[in-house]
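According to TrEMBL, the features are:
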type     : residues : note
TRANSMEM : 166-187  : transmembrane segment
TRANSMEM : 193-212  : transmembrane segment
TRANSMEM : 219-236  : transmembrane segment
TRANSMEM : 248-266  : transmembrane segment
TRANSMEM : 287-310  : transmembrane segment
TRANSMEM : 355-377  : transmembrane segment
TRANSMEM : 438-456  : transmembrane segment
TRANSMEM : 462-480  : transmembrane segment
TRANSMEM : 492-523  : transmembrane segment
DOMAIN   : 552-621  : domain 'STAS'
Amino acid sequence: MTITNDDKDRHQNRCEKMEVNDNNLRSQYTIGSNDFILVDEVGERPKKNVKEKFHEFSSCLNSNSKTVFTYKTITKRLPILQWWPTYTTADCIGDLLAGITVGLTLIPQSMAYSALAGLPPQQGLYGSFVGSLMYVFLGTCKEVPMGPTAIVSLMTYNTLHGLGPVYGTLLCFLTGVIQLLMSIVGLGFLIDFISGPVNSGFTSAVAILIVASQIKDLIGIKAAGTTLLDMIISISKDINHFQLGDTWLGIICIVVILLLRRMALYQIGPKDVKEQTTFHKIMNRSMWLIGTFRNSIVVIVSSYVGYVYITSTGHDVTSSEIPPIPFKVVGKIPSGLPDFDLPKFSITRDNGTTVGFFEMVSNIGSGVIVLPIIALIETISICKTFADGKPVDATQELMATGLCNIGNSFFHAYPGSGSFSRSAVTAASGVRTPMEGLYAGILVIVALLFCTPYLYYIPKAALAAIIIAAVIFMVEVRVVRPIYRSKKSDLIPGLATFFACLVLPLEIGVLIGIGLNLVSILYHAARPKLLIEVHKTRDGINYLMVTPDRCLVFPSVDYVRNLVMKQSLKRELPVVIDCSHIYGADFTAAKVIEMLTQDFSKRGQALFFYNLKPSVVAVFEGVQPKGFITYYHRHDLDQLFQRWKHQRQQMENSSAD
């Protein structure tokens, strides 16, 4: 920080109005406070003409463009360049096993989540390979498996309102574009405004909504709705038409999935791996594999049951008719990979009218803004979970997720993100690098090329069971007690988000939770804590030391002024405001400080400001306050009080005369 002699003289004349030699003044300013948070130049900056400003801007642009193409920046934006040079055969084997494991989980989940989004099953498969392949090059977290997820799928359903696959692809493209733009302008910090309680409330509400949305397929009825009340009303209207075959099949699938999940967590033999025999290790590994492949096992077995039923009836699977069996099946799925094509930015209705791009976006609604943020939160949460204390590059993850969604939109997919359930499988499978996404994506491609005829026989109740068994563990009941013990007020935004997401559209529920967080932040900004103590100088003069704990801005300055006035009138002592923690101020604060100094001056009561940052002094000087006195060394306080007592005695003598 540099302060000229003119600045010192101006500060001496305007603020202290007392005789101080240049040496003392220079010492006060150059030593000042050692814990400055903001460093500003108080002196006036030389003015520049348009030509000089343009030259400065072009130089800055040229410098920034050079840094973009440096090796450090390129490796940061293409993380594969950081780990690929050291990629080994052991890494390849670990990633291959993890990729196959995740791929076998991804195929049935993507079809189930696509149905949850209200879209054809193949659209979930279309969004399960391109994003996985792209994340290999762009992702920073090896445990993140890109693809359809339960939360994003439900958000997609609530956003589209049955508009169809074309709108789903456009939503995927717009989600990716918004995420990419957010990464370019550095808006990754927005996720910091969503606190843990709000995130837990949102996740728990989504889990309940997902379970409610899958009841229709679980019992074989027709139902719809975006809120919990709508779903309950819709289910109650058609509950009389429930299918016993779907119900029994769905319940059996849920029980089997939960038992296999339990098997994956169970271990025989000693808990310490070093003490286990070879038999114990083989059995534990086998049980883990069987439990991990539980979704694929349920799909394969239930599909075989569907195949046996359908073939026994002699039904023609190439027709569009529903098979005459006790439960519903997925039906025909287009074979092969999807065509590479741009999302449709306009569509033609059956009556010949054209729906333009802006009308399509208007039909999608506000979900096009909220969904990208929710998808990012899900991905970042996974990265933080498996970061092991390392920093997470939210900007890079935002860019990676955005580009993956843009790439998926060219293959008729709907929005996706990192998946919590699959990330746990990835980590437990011994993944080494993000290369596992390559093998998982290849497995999905193989399924699309060669296995689609067999996907016809998958019962819808089995897919509903997979979703229900996956999301019931997302209800975060266990976090309520720690939040209550830690800080009870944090339950307010969490519970408000939970109930708002249940009874209102999801995007509104999330905004309510974020709004409550912001209100809490603004309340604390408007009500800073003040430490008020009675101190005594070396000369025996008692004074009131008031220490605010944060900066003075317009929401808080009146509150601080009222407290200072109240305490000063109550104790009738001189007041010293310790400004060590005040690192910023605005015009409103300066005007209030001006009124405060005037009030103290009229009463003949001393008011001094200790350790005020020069940048804040410059703000206060802008309104030219009278009687504004600041100091930077505690021993100067004695001189100020002696001067104040002398002036007060002179005023009393003059009034007596």
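Backbone N, Cα and C atoms are what each Cβ position is placed from, and that goes for glycine too.
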Local confidence of the prediction over the domain 'STAS' (552-621), expressed as mean pLDDT: 82
With pairs fewer than 6 apart in sequence excluded, do the transmembrane segment (492-523) and the transmembrane segment (219-236) have three or more C-beta pairs that lie under 8 Å? yes
Assess whether the transmembrane segment (355-377) lies in contact with the transmembrane segment (248-266), where contact requires at least three Cβ pairs under 8 Å among residues 6 or more apart in sequence. no
Stretch in 166-187, 248-266, 438-456 most in contact with the transmembrane segment (462-480), if contact is a CB pair under 8 A: 248-266
For the transmembrane segment (438-456), find every same-chain residue at least 6 residues outside the stretch whose CB is under 8 Å from a CB in it, and list them. 95-96, 98-100, 102-104, 106-107, 110-111, 121-122, 125-126, 128-130, 132-133, 136, 145, 303, 307, 317, 329-337
Same chain, outside the transmembrane segment (193-212) by at least 6, Cβ under 8 Å from its Cβ: which residues? 116, 150-151, 154, 227-228, 231-232, 235, 374, 377, 381, 467-468, 471-472, 474-477, 479, 483, 490-491, 493-502, 506, 509-510, 513-514, 516-518
